[in-house]
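Database features, via TrEMBL:
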DOMAIN    14-240  domain 'ABC transmembrane type-2'
TRANSMEM  20-38  transmembrane segment
TRANSMEM  50-71  transmembrane segment
TRANSMEM  101-120  transmembrane segment
TRANSMEM  126-151  transmembrane segment
TRANSMEM  158-179  transmembrane segment
TRANSMEM  219-237  transmembrane segment
Amino acid sequence: MTKRLLIIWSRDPLTMVQAVAYPAIMLVMLWMVIGITMEGFSNEPAAYRFAPLMSLVAAMVGSIAGVVLVIQERENGVLSRYWSLPIHRGADLAGRLMAEAVRIVLTTILILIVAFPLGFRLNSVTATFAFLSVPLMFGIGFATVATACALITTKQTLIAALQLFIMFGMFFSSGFVPLQAFPSWAQPFVENQPLSHAVEAMRGIALGEDYSSPLIRCAIWSGSLVVLFSVPAIVGYRRSAAG
């Protein structure tokens, strides 16, 4: 199942642009447009915020390709055919999440390659693996939510809603600008939203700072999303396959 999804995604130009090229281009654009301004404000290279942010955005944007495929396979009856095969009932859902994990790791590595000439560095192999683990954890949580929504609703506005959520989360996070740059009324939300926790954890890993607190909060958010939306995803899959 995992291999099948990876092959399908790799052969879809729109998926490759959306999941791979778009975040990399956005990283360079952010660095060019507001990078110098932000460096003067925070006294650190802007890439140490933008690279984590766009790694997380890539993880979320790529999940939309998975949502589109789920909707297509539900409407075409593919899910019903899988349900009738002599395989474990959870194999397809597990395969989708494993494919998401592979995609997230590969796109994060690409973001790191693009961020290198912009001044971003990871100082050790351990830091690299720790850095990769954050978007992987965060992305699996988001992918579980997106897959569950795709399976339990038939509304065509789902894709637009997910894209709006991603853009809102990106611009109102500490990865876009430092927390102090936001208005005082917005700072509590920005500081405590899951994307900011993930950004701060990745930034701490890269800079060699203490990242335990934001990492724990990110893990709690991600784990909670997986736990809360796994059951709706399974129920929705069963309903879609039976229908």
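Every residue, even glycine, has its Cβ placed from backbone N, Cα and C.
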Recorded stretch that, among 20-38, 50-71, 101-120, 158-179, 219-237, has the most CB pairs under 8 Å to the transmembrane segment (126-151): 50-71
Let me spell it out: take the transmembrane segment (50-71), skip the flanking residues so only those 6+ beyond its ends count, and list any with a Cβ under 8 Å from a Cβ in it. 5, 8-9, 12, 14-15, 18-20, 22-24, 26-27, 30-31, 35, 79, 96, 99-100, 103-104, 107-108, 111-112, 115, 118, 120, 131, 134-136, 138-139, 142-143, 146-147, 149-151, 158-159, 162-163, 166, 169-170, 173, 175-176, 195, 198-199, 202-203, 206
Do any residues, 6 or more residues outside the transmembrane segment (20-38), come within under 8 Å Cβ-to-Cβ of it, and if so which ones? 46-47, 49-51, 53-55, 57-58, 61-62, 107, 110-111, 114-115, 118, 176-178
